[in-house]
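Please read the structure below before turning to the comments.
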């Protein structure tokens, strides 16, 4: 065999190998494209404390692996910290609102609890357990709790403080409901992918506080659906970042901005009017008309109030061809979210059937 023929043979083998590699790359690109089409990106948006992180936790419970005992144990410290944070917020508000303690000994309990560095809390034992129990039972603190719209207080306060005996027991393991109600402000971006009917739903939760919103921008590509959460109970509350701005007005302004973004022209919009349980409680003593004078419905009527709030948001949509899908939710209620998300999933799949070759 001549040198030329050996070289020609080597070259053709190299060319063959190059073509084989090229074909494999082409095949992989086609697979990637197909797989990307089978992934639906759901962007969870809304102002701070509207319930986005709780919604993601529910997806993990309903469509993922849920929370093992080991996972739940990881929330123990956070539950304790939430309890101290809530009581400290009320102790500070007692001063600001000039509410006296009914029982003199609670001044000492307040001093004790106030001195605690919440971020260092890792256990929950006496004298702190008794101090917090005594404080929570003081009529002054109860009055302060009833006036919580005048300062910042976690929605889970009553839930935890009414259950101190259980939480203070030795070997306490948080329940699923304890985990759902833990409040940890979201900083940065949390993604939760889960598989449903051979489609990957990638849910993206971004921080709702103003300082977090500038990080949203790069999440905006290829968004299938915007899931916007509004806390129905915020109609009489002020912002964490600015105590003279109404939280619901801020939520409306953000919603208006989001639905008019050019990035989202082809994304469906699903509006979750969340915390319906808190609205039902609050509407009995805090009147919607005091904060939204245009409301002309009956007082103490949760149904009328939530329909009015829904209309306020839907009316912000400038595009009459764009449908806004809406659901009233309670993000801490697993069965409610299971039911609502089944409907949402069907809506999203229906809207994307042809594009995703799922028919």
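Easy rule for this one: first residue shown is 1, then count along the chain.
Cβ atoms here come from the backbone N, Cα and C positions, even for glycine.
Keep in mind the model is a prediction, meaning the values are calculated, not measured.
Features as listed in Swiss-Prot:
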- 53, 186: Mg(2+) binding site (BINDING)
- 38-359: domain 'G-alpha' (DOMAIN)
- 9: S-palmitoyl cysteine (LIPID)
- 10: S-palmitoyl cysteine (LIPID)
- 41-54: region 'G1 motif' (REGION)
- 178-186: region 'G2 motif' (REGION)
- 201-210: region 'G3 motif' (REGION)
- 270-277: region 'G4 motif' (REGION)
- 329-334: region 'G5 motif' (REGION)
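With helix defined as DSSP H, G or I and strand as E or B, the region 'G5 motif' (329-334) counts 1 helix, 0 strand, 5 coil. DSSP assigns residue 53 (Mg(2+) binding site) to a helix. Here the region 'G2 motif' (178-186) has long-range neighbours at 48-49, 52-54, 57-58, 67, 71-72, 75, 78-79, 82, 154-156, 159-160, 167, 205-209, 212, 331-332, 334, meaning same-chain residues at least 6 beyond its ends whose C-beta is under 8 angstroms from one of its own.
Around the Cβ of residue 186 (Mg(2+) binding site), a 10 Å sphere holds 18 further Cβ atoms from the protein chains shown.
Cβ neighbours of residue 53 (Mg(2+) binding site) (same chain, under 8 Å, six or more residues apart in sequence): 184, 186, 190, 205.
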